[in-house]
Amino acid sequence: MRRLNLAKSTRSIYLSLACLSLALHLLLAFFCLSILQTACILPPSSSTQDTDPVQHGSHPSPLDAGRPRRKVRSSRPAGEDSFSGSEKKLTGGGRAAQEVKGRARLEALFRHPLYNLPRPPLQEDDWLLRVRTTSQEWSTSEEEGYDKMDWTNDVDTHPPWLRFHLGITRWELYDRRDPNLDQLTHYLATQRILNAVQKTGGTQLKLLMSFPNHGQALLKPMKQSRQAETDVNLFYFSDFERHNAEIAAFHLDRLLGFHRVPPVVGRLINVTTEIREITTDHKLMKTFFTSPAGNVCFYGQCEYYCSTEHPVCGRPHLLEVSLAAMLPDLTLAPRRSWRSPWKRSYSRTKLAQWEKVPAYCDTVKQTPPYNRGTRLVDLIDMAVLDFLMSNMDRHHYETFEKFGNDTFLVHLDHGRAFGRHSQDEPSILAPLQQCCRIRRSTLLRLRLLSLPDSRLSDMMRASLARDPLAAVAPILSEPHLSALDRRLATVLQVVRTCQHQHQDVIYDDLGKYEEDQNQQPDGKNK
């Protein structure tokens with residue numbers, strides 16, 4: 001009897017537990033279902049768009065065929081783009097539109113008369129190099145890897161670097177309208193690298209790159225990010241050299257209408273296959289190593305920053321560099337190096353003479369070659385260029401000996417430019433402030449670049465966008481571009497101050513041109 005009662009009570013307990021478990025499972029199911037239904041309710045869109053199911057990744061129902069697609073009302077004004085400015089940048093549409101607009105403005109700038117001023121007819125001695133008129137061919141022993149030189153006196157047979165050399169005149173390194181300029185920069189950015197050796201001289205690492213068509217280029221590697229600013233506690237002569245500064249200097253010089261900086265282009269190279277495996281420089285080869293992060297690095301031999309603590313590293317192999325077209329060999333076209341009258345002391349404690357004597361320019365004006373011709377205003381052009389890009393490292397400049405003192409100044413070595421965007425260095429403008437002299441054509445172009453439709457920062461942005469490295473990242477950050485406009489305003493203010501204090505400020509290099517422009521074809525004045 002007891003066993004029967006125990007069995008009945010056990011069955012009752014099991015039955016109760018089963019019912020309780022079923023109830024809990026049903027409660028849990030209802031709870032989950034309510035959550036899923038809530039999550040599936042989509043919020044209404046705030047922008048005008050088609051409620052087309054195909055656009056949302058699903059297929060339309062047959063019942064929807066023939067029904068008009070319903071528009072969801074937008075809170076934006078009619079005609080306004082549904083994307084915000086930041087969203088445009090994310091999608092790339094806004095950036096593409098800005099680039100197209102920037103290119104159009106840049107082309108319009110270069111069509112302006114100030115960028116198409118006539119030059120005096122070039123005489124035979126105004127060309128730096130000339131090809132002999134007699135029919136001839138270049139011949140050389142075929143070195144391993146180099147192309148055969150089948151050049152003649154026909155310019156079409158010459159590689160871009162040779163056409164660049166043959167295009168140098170008494171007045172400029174290149175003509176902006178010369179189609180060879182684009183060919184030259186393309187060649188620098190794409191030509192196969194045959195050899196890489198360290199270039200002697202200078203304080204920081206530079207490489208000399210050789211190409212199969214017998215051309216060469218000067219390489220400067222990326223040392224720091226574009227966003228990095230020079231430490232305020234660092235002296236100007238101890239600053240890093242920047243590859244993007246060399247690229248930007250070429251574009252800025254061209255926008256100013258000078259054409260005195262050799263063409264420079266950015267490029268991504270493989271430090272393993274395009275330097276380490278092909279170099280014949282054993283000293284350079286010994287400085288290669290693999291970093292703890294697995295990147296291939298090297299440091300070369302130089303005065304500053306050539307050590308394992310300051311290596312140049314790929315990621316893991318690719319490295320950003322600048323490549324500058326080389327000038328003709330000194331045996332063919334000797335150059336003279338001139339010490340700048342406004343050279344800095346390159347000392348931590350001493351000041352240069354021009355920093356201590358306000359009337360320093362009076363002495364310079366009486367000293368050859370600054371006492372005649374255009375040499376002084378040429379130097380002030382260079383000071384304006386340096387101030388705009390904050391280059392304090394201008395100790396020398398060069399000219400081609402063939403042209404004597406009646407020629408332009410070659411602007412070289414701008415690696416320490418664009419170091420700080422948050423701070424300007426007024427002392428760079430000392431030649432302009434102390435001499436109060438400037439070319440009229442330079443001043444008019446500066447004023448043009450201060451106008452809203454041709455603002456310097458916009459023109460630089462558009463010009464730099466054409467460089468191959470712009471596909472990786474902008475050559476100059478936006479703060480650096482904004483600094484250009486701020487510094488340009490400073491230059492114009494210095495000129496206005498000079499005009500209030502002095503009479504003979506403007507060196508008129510447009511007088512003859514304007515006289516010609518004011519003459520009608522029949523000889524009558526307008």
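Cβ atoms here come from the backbone N, Cα and C positions, even for glycine.
Feature list (source: TrEMBL):
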- 46-99: region 'Disordered' (REGION)
- Gln204, Lys220, Glu241, Ala324, Ala325, Met326, Leu327, Glu398, Asp413: ATP binding site (BINDING)
- Glu241, Asp413: Mn(2+) binding site (BINDING)
- 288-503: domain 'FAM20 C-terminal' (DOMAIN)
- Asp393: active site (ACT_SITE)
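Here the binding-site residues are Ala325, Leu327; the one with the fewest Cβ atoms within 10 Å of its Cβ is Leu327.
With respect to Cβ neighbours within 10 Å, the recorded positions Glu241, Asp393, Asp413 differ, and Asp393 shows the lowest count.
Long-range Cβ proximity for Gln204 (ATP binding site), meaning a same-chain Cβ under 8 A and a gap of 6 or more residues, is found for Phe240, Glu241, Cys302, Glu303, Tyr304, Tyr305, Cys306, Gly415. Taken over all pairs of the listed ATP-binding residues (Gln204, Lys220, Glu241, Ala324, Ala325, Met326, Leu327, Glu398, Asp413), the Cα spread reaches a maximum of 20 Å, rounded to the nearest whole number.
When pLDDT is averaged over the domain 'FAM20 C-terminal' (288-503), the result is 96. Distances between the Cα of the residue listed as 'active site' and those of the binding-site residues Ala325, Leu327, Asp413 are shortest for Asp413.
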